[in-house]
Structure formats: structure tokens, C-alpha cells
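**Q** Dropping a structure here in C-alpha cells format, bear with me for questions.
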């Protein structure tokens with residue numbers, strides 16, 4: 001294939017003096033001779049319009065150029081008419097675009113950046129990529145990159161890509177099972193919510209195999225879209241990330257497009273979207289209208305088409321998000337059902353009736369020192385009613401159900417993940433097959449000790465454990481622990497705030513009841529905590545990324561997993577620490593009237609009668625719903641702002657009429673969009689996994705959590721899709737096997753939720769005391785008298801000096817009540833009932849966790865990770881592929897024995913051809929010299945080619 005990058009001269013495109021070697025007069029990066037007539041500012045004195053450039057370029061295309069394999073059709077069956085998706089010849093596709101901005105004024109490093117660009121582009125051309133330059137407004141330089149078929153073949157083998165094999169009749173035989181019949185019937189019933197097959201026709205499954213040039217007879221390379229646009233951009237990105245831009249051999253870190261962008265040599269590098277979101281004829285438009293629209297919230301997602309356009313990594317995210325949302329439907333229904341049950345039985349709850357009884361004369365002990373007065377129990381009437389909505393008989397059932405739901409969700413996801421993994425040709429994909437990160441190799445460039453990779457059988461540098469690995473790990477661990485301590489310090493600050501606010505309200509409360517005082521304090525403290533969470537999140541992200549870079553992770557997957565675990569651990573402490581405090585510590589270690597346990601001389605916070613469950617629910621609701629609302633606003637607002645900001649920076653087409661020809665170019669429009677990098681999905685996963693924690697870990701305290709999560713996710717899926725299609729550059733396709741470390745985090749959350757829900761029911765709610773009262777104390781197995789059962793009496797004369805009131809409205813009070821199980825006389829020791837209830841609480845935790853754990857084990861045992869029919873299909877495909885390879889190799893050996901002479905001659909001819917192209921690439925030829933070199937000996941070679949072709953190689957069908 002002719003490398004058209006070598007056929008350009010100074011009439012093809014406009015280059016600045018920065019495009020070629022400053023010390024010479026030839027642009028060695030493109031192997032062309034350029035005009036020597038340069039202005040003082042280093043730019044060419046003459047330039048052509050875009051129309052002239054296009055016509056001149058077409059004239060330079062060699063006659064024998066066959067664009068069939070280098071010009072993929074639109075992979076989605078649409079007629080793409082936008083010429084900016086191709087080179088100026090209208091044939092070769094633009095697989096990637098590099099952009100740099102002209103420096104009009106002399107600035108430090110200007111010539112250095114130009115030299116780096118020249119060297120980098122020279123290395124790209126040497127690698128086999130083809131480049132074409134465009135200039136807009138004499139300011140923005142666009143370098144269009146095209147990957148030839150030879151480059152695609154070579155790197156598909158290097159990257160071990162699985163490519164579709166030739167159609168083989170009779171091998172894609174489906175199995176007829178009862179499950180298949182059920183699936184078809186279910187699909188027919190759900191026709192209105194499944195993927196619209198008119199817009200997204202169902203894809204037929206094709207056998208795939210790891211691409212190898214030695215076994216190209218397995219693949220149909222003549223298919224126009226054999227290498228899809230996603231594969232092409234991925235291969236180009238792989239090359240861009242590893243090519244050097246310095247001629248100094250000892251400069252190990254002088255490589256990669258990202259480094260050039262950070263140094264200002266380029267301002268952007270990206271693949272192109274295939275069209276507009278509002279113009280029919282592209283997959284981007286179809287996905288925007290048929291998938292990203294909120295009106296389509298009830299439809300299944302076209303995952304195969306999402307994978308083809310965005311790549312596996314993004315498609316896996318949307319597959320998981322859709323599956324998680326689908327599973328939330330059942331949890332939301334049960335949660336709403338439990339809440340409706342609590343509302344319907346509220347008026348029959350005896351304890352709430354007793355508390356709200358206005359004739360009740362129960363006087364409670366002060367809840368703070370000096371300023372807090374005695375108060376009547378009826379003041380907590382509202383609090384008692386709200387508490388029952390959370391703490392009722394359905395709570396235990398819902399907690400057990402959600403534990404089973406979490407286990408079922410993960411098991412069914414593994415099965416579903418296995419299906420899409422096979423469908424997307426990821427079966428058997430091993431992270432160790434990934435190539436090492438360029439940054440990893442650069443840091444180990446001077447390490448002499450090598451090791452052989454057990455998977456790829458290639459030699460790689462071995463990280464020195466004592467000198468590099470251990471110090472990096474210890475440093476990272478120390479910083480993470482410091483940040484965790486900082487998060488706990490923030491929680492402590494919020495606790496002090498709550499104490500001070502309660503004391504202030506006690507002084508100036510007027511008509512504010514004790515119940516509303518606690519609710520107000522909890523709400524404002526939760527809001528402050530949410531604000532601190534947002535601030536810490538921003539700080540954690542930067543620190544975690546720096547620490548992960550320091551750790552020497554070999555592959556991008558290992559890097560992402562380490563970063564994910566680090567940030568999630570910090571976010572876990574950040575979001576959940578205040579909730580854990582309310583659930584398990586607040587009000588548990590306060591002592592008793594007359595002998596309070598103090599913290600730095602201050603009395604600790606107390607829970608209202610019935611425990612802190614309502615405060616826990618309020619904290620959960622504010623943080624969860626507030627976080628989701630804030631994230632939605634930020635996620636949709638920030639992209640709009642950054643897109644506007646990028647447009648303001650570009651500002652093309654305002655002063656120069658010639659620039660109007662560039663306004664409709666796809667590569668120019670995409671420049672204004674936001675960059676999408678390999679870690680842009682991380683915030684999306686993190687948001688959903690934190691939500692999953694709220695839904696499972698503390699669900700017994702907030703049964704409506706799955707319902708609010710479901711509402712959020714219905715819109716989250718479509719808004720994420722709309723954001724990705726509208727405001728971001730097209731992502732480079734990335735290959736992953738599954739959701740990675742997020743699955744292990746989800747599994748850990750599920751196991752932790754069993755423990756937390758067991759302790760919340762046992763120690764935070766009043767479920768166990770009510771149960772014990774019914775069994776041991778109540779004569780009629782009811783809650784009559786339960787309120788008095790939970791209240792202990794205290795003689796006010798035994799109050800501590802620092803707890804005595806300055807003034808009181810209850811001057812005749814001799815005894816006050818408080819929530820505990822103690823004797824009524826000094827020294828107020830605990831009653832035997834306290835120890836019975838404590839033992840019952842612990843027994844419930846053990847029983848609850850073991851029952852749930854056994855059921856979860858049974859669920860995992862009953863649901864295999866991979867369906868049997870899928871397992872059989874994978875084995876069948878492996879068998880057929882091996883049979884094809886064996887038969888083809890037998891035929892090849894037979895043909896080689898039949899025509900050994902001509903085969904040797906053909907091999908020598910290919911070698912000579914490669915040497916000829918190396919000679920062309922290493923020299924700067926004029927157009928006539930190039931044509932002579934290209935067509936020389938063509939007549940002499942025709943006869944030998946005919947003879948070789950008369951001995952064809954058979955193919956197996």
C-alpha cells in the first residue's frame with residue numbers, strides 16, 4: 001500500500017516552520033521537500049485555500065492506489081456523507097486527529113515544541129501511519145491520522161485482538177432447551193420495553209479468534225468494516241502513547257501524546273464522532289435519539305451498538321448500570337410496601353399513643369447541663385411517630401430480604417456478565433496479556449534485572465522490591481491512613497457542632513419542643529457533613545491519583561484498580577463515618593443522670609426515647625438524596641460550562657472568511673468538546689457504588705432508599721448517555737473483561753450489610769426490647785405498659801453539681817425519668833432485665849448473620865456463574881476453531897510441497913518489496929522520482945505473480 005504521506009509537497013497543505021527540522025530545510029518527519037522561502041516568524045510565505053489543497057492532493061494520488069481495505073464503510077449501515085471524516089482524497093478514513101496552535105509571538109520553548117512535533121510525526125510515519133495537515137485561520141493546525149491496513153494487521157496481532165472469523169455454514173447451531181422457549185416467550189411479552197429492533201437490528205453472533213497474520217485464512221480481511229472505527233482508533237492510540245518525540249536515546253520519558261499535550265506541543269488528540277446528534281445518517285444521531293432520550297427510559301439499552309461505538313469499557317458500565325437499575329425495581333417495591341405497612345399501622349401503635357397522651361405526667365431528665373430544663377415526654381410525640389415508620393415489625397423482614405437481594409444481585413450479574421463477555425469476545429481475556437503502561441516502563445528503564453512474563457513470554461523489567469516497591473507502598477499506605485484520620489476528625493467536629501447547637505437551642509428555644517430541636521440539629525449537622533464530604537472528595541481524588549502513580553502498577557487495569565480501591569476507601573470513610581457514629585455510638589455510652597460520661601469535659605449526645613433510628617434515617621436521606629441531586633446538577637452543568645469554555649478558547653470563524661470552510665468540519669467541531677480519558681468513568685462507578693452502600697448497608701434504617709435509588713438511576717442512565725454523546729469527544733475503545741475491582745467492592749459491601757443491618761436491628765432499634773417485653777413481661781402478649789417498662793427513675797437530688805439547673809419551670813419535681821434499665825434508688829445499678837436484653841441482642845446478631853450467610857451460600861451454590869448452554873457454546877467454538885486451524889495448516893503444508901520454488905520466489909519478492917519501502921521512507925523524493933520507483937519492474941513481476949497465483953491456496957469451508 002502506498003504511503004500517501006510520502007507523496008505530499010509544499011502544495012498539499014500549509015505548514016509552519018515549526019513542522020520541520022529547524023536546522024535543515026527539509027521536513028524529515030514527512031519525507032518531503034518544502035519551500036525555502038520562509039518569513040521571519042517561521043511560517044510559509046505562500047498558502048493555498050482548502051479547495052486548492054484538495055484538488056492538488058487528488059492529483060497526487062497514485063493511479064494504482066486501491067483504497068478498498070483502508071477505507072472502511074460506516075460500520076452501522078448508514079450513509080455517512082460528511083467528507084471531514086476522510087482525508088482530502090475522500091477515501092482514507094480519519095482515525096485520529098492531533099491539534100496544535102500556532103505561536104504568533106516568540107515564546108519560551110517555541111522551537112523546542114516544534115522540534116518535538118517534527119520528531120514525533122516522523123516516528124508516526126515511520127511506523128506506517130499516514131498524516132494529512134489542515135490549517136484554519138493561520139492558527140489551528142490539525143494533523144489527521146490514518147492507519148493503513150498493514151499497521152492494523154500488525155498491531156491487531158500485537159494487541160491480541162479477537163476478530164470475527166469467516167462465516168462457516170452449519171457451525172452456529174443453537175440449542176433447543178426449555179429455557180430458550182421461556183426466553184422467547186418472555187421477550188415477546190416485553191416487546192414494548194426491549195430494544196427496538198427496527199432501529200437497532202439484532203446482531204448475529206460470529207465466531208472470533210485471536211488475530212494472527214500467520215492464520216489470516218481464518219479471517220475475511222476483504223470485508224470493508226473488518227477493522228471497525230473503534231478498533232482503528234484504539235490501535236492508533238496505542239501507537240501515539242508509545243512513540244518518542246526526542247532524538248536523545250537517554251531521554252526515557254520523552255514519549256507519548258499525553259506528555260506532548262501536557263508540555264504544550266499539542267493541545268488535543270482524539271478520534272472523531274461519526275456525525276451530529278441532530279442530523280440523521282450517523283450512529284451518534286441514532287444513539288442520541290433512540291437511546292439517550294429520557295423518553296426512552298423504559299426501553300432496554302442497545303448494548304451491542306454502544307459497544308461498537310464507544311468500546312467495551314463504556315458498554316460494560318451501561319450494562320451494569322442497567323442491570324442494577326432493573327434489580328432495584330424489586331427492592332423498591334418491597335421497600336415501599338414495608339413503608340405503606342408502617343403508615344397503615346401507625347394509629348394502632350400503642351407506644352406512640354402513650355407518648356402522645358396529653359394527660360401523661362411523665363417528666364424526663366434534662367438532656368444537657370445547666371440550661372436544659374426538665375421536659376414532658378409528650379413533647380417527643382412527633383419523634384415517636386416518625387420513629388415507628390422506620391422501627392416496626394416489617395424492618396426485620398426488609399433487612400433480611402435486602403441481604404438476600406444483594407447476594408442474588410451479584411450472582412445474577414455474574415451470569416449476565418458471562419453472557420455479554422462471550423458476546424463481546426472477551427472470554428479468556430487476561431489482564432496479564434495487557435502491555436505494560438509506558439509510564440511504568442519509563443520509570444524502570446534503568447533497571448537491569450529482567451523477568452519473563454509467564455503469560456506473554458516476553459522479557460520485562462523487574463521492580464526492585466526493597467528499593468522501589470516497598471517504600472512506595474508504605475508511603476501510599478501512610479498517606480491514606482492520614483486522610484482517613486482527617487475524615488474522622490471532620491466527624492468529630494460535626495459532633496461538637498451538634499452539642500453546641502443543642503445547648504444554644506436550650507437557652508433560646510422559646511416554643512421549640514425537644515423533638516423539633518433534635519430534628520433541626522440533625523438536619524443542619526447532616527448538611528454541614530455533606531459539604532465537608534464534597535470538599536474532601538475533591539482533595540482525595542488528586543492525592544489518590546498521585547499515590548497510585550507512585551506505586552509502579554504494571555498495566556492500565558492494575559493502575560485503575562489500585563486507584564479505585566484507594567479512592568473508594570477514602571470516600572467510604574468520608575460518606576459513612578457520620579452514619580456509623582449515629583447508628584452504633586451516639587447515645588450508647590452516655591452514663592446516667594448524676595454520673596454522665598463526659599468527652600473532654602462535655603456531656604455526650606443522647607438519643608430520644610426509642611433510640612437514634614429517626615436521626616439515622618434523616619442523616620441517610622439528606623446525604624443520599626442530597627448527594628444524588630448535587631451530582632446530577634454538577635454532572636449536567638459542568639459539561640455545558642466546559643464545552644462553552646472550549647468554544648470560547650477556539651473562537652474560529654470570526655475574523656477570517658477562509659475559516660468559514662472549516663466551520664462544518666467534524667475534526668473542528670470535536671475540538672470544542674470535552675476530553676474523555678481512561679479514568680472518566682470512575683466518578684460514574686463511584687457514585688453508583690456509594691449509592692449501593694446506602695441501599696444495602698443501612699437499608700433497615702431507610703426502607704425507601706431503593707425507591708429513591710431507582711428513580712435516580714432511571715434518569716442517570718439516560719443523562720449519562722446524553723452527556724457522553726453531546727459534550728465529550730469520542731472515547732477511545734478500551735478492552736476490559738468485566739467491571740473489575742468494583743465487583744469485589746460490591747461483594748464486600750454485601751457482606752458488610754449483613755453485619756450492619758443485624759447490629760442496627762439489635763442495638764439501634766427497639767425490636768429486641770419489644771420482643772422481650774412481649775415474651776417475658778406482658779400478660780397479654782401486647783405492648784401495654786411497654787413505655788413504663790423502658791423508663792428508669794432518678795431522684796433529682798442526686799444530680800451532679802455541674803448538671804444542676806440555673807432555673808426551672810418544674811420546681812416541684814422530685815423524680816425524673818430517663819431511657820434505661822436501672823434501679824430507682826442510688827446507686828442506680830442495672831437491672832437483670834438489662835442483661836437479658838443485652839444477651840438477646842447479641843444472640844439475635846449471631847442468629848441473623850448465620851441464617852443470612854447460609855442462605856447466601858445456598859444462593860451462590862444454586863446459581864452457577866455461567867449458564868450451561870453458554871459453557872457448551874464456548875467449548876464448541878474452541879473445538880471448531882481448532883479444527884479449522886488444523887485442516888488449513890494441513891492444506892498449506894500440502895500446497896507448499898507442491899509449489900516450493902514459486903513460494904520461495906514469492907517470499908523473496910515480498911522481502912524485496914519491504915526493503916524498497918524502507919528505502920523510500922528513508923529518502924526525500926520528488927513526485928517523478930517516486931512514480932519511477934513505484935512502477936519500476938512492474939512488468940517484470942507480472943509473469944511471476946501469475947505463476948504463483950496459478951498455485952492457489954485452498955480454503956476450508
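Yeah, the Cβs are placed from backbone N, Cα and C, and that goes for glycine too.
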**Q** Transmembrane segment per TrEMBL sits at which of 263-289, 290-316, 317-343?
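**A** It is 317-343 that TrEMBL annotates as transmembrane segment.
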**Q** Given 543-563, 606-626, 627-647, which one carries TrEMBL's transmembrane segment label?
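**A** TrEMBL lists transmembrane segment for residues 606-626.
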**Q** Can you check which of 453-471, 567-585, 586-604 TrEMBL lists as transmembrane segment?
**A** 567-585
**Q** Count the Cβ pairs between the transmembrane segment (395-413) and the transmembrane segment (689-715) that lie under 8 angstroms and are 6 or more residues apart in sequence, then report whether there are at least 3.
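**A** When sequence-distant Cβ pairs are counted, the transmembrane segment (689-715) touches the transmembrane segment (395-413), since at least 3 lie under 8 Å.
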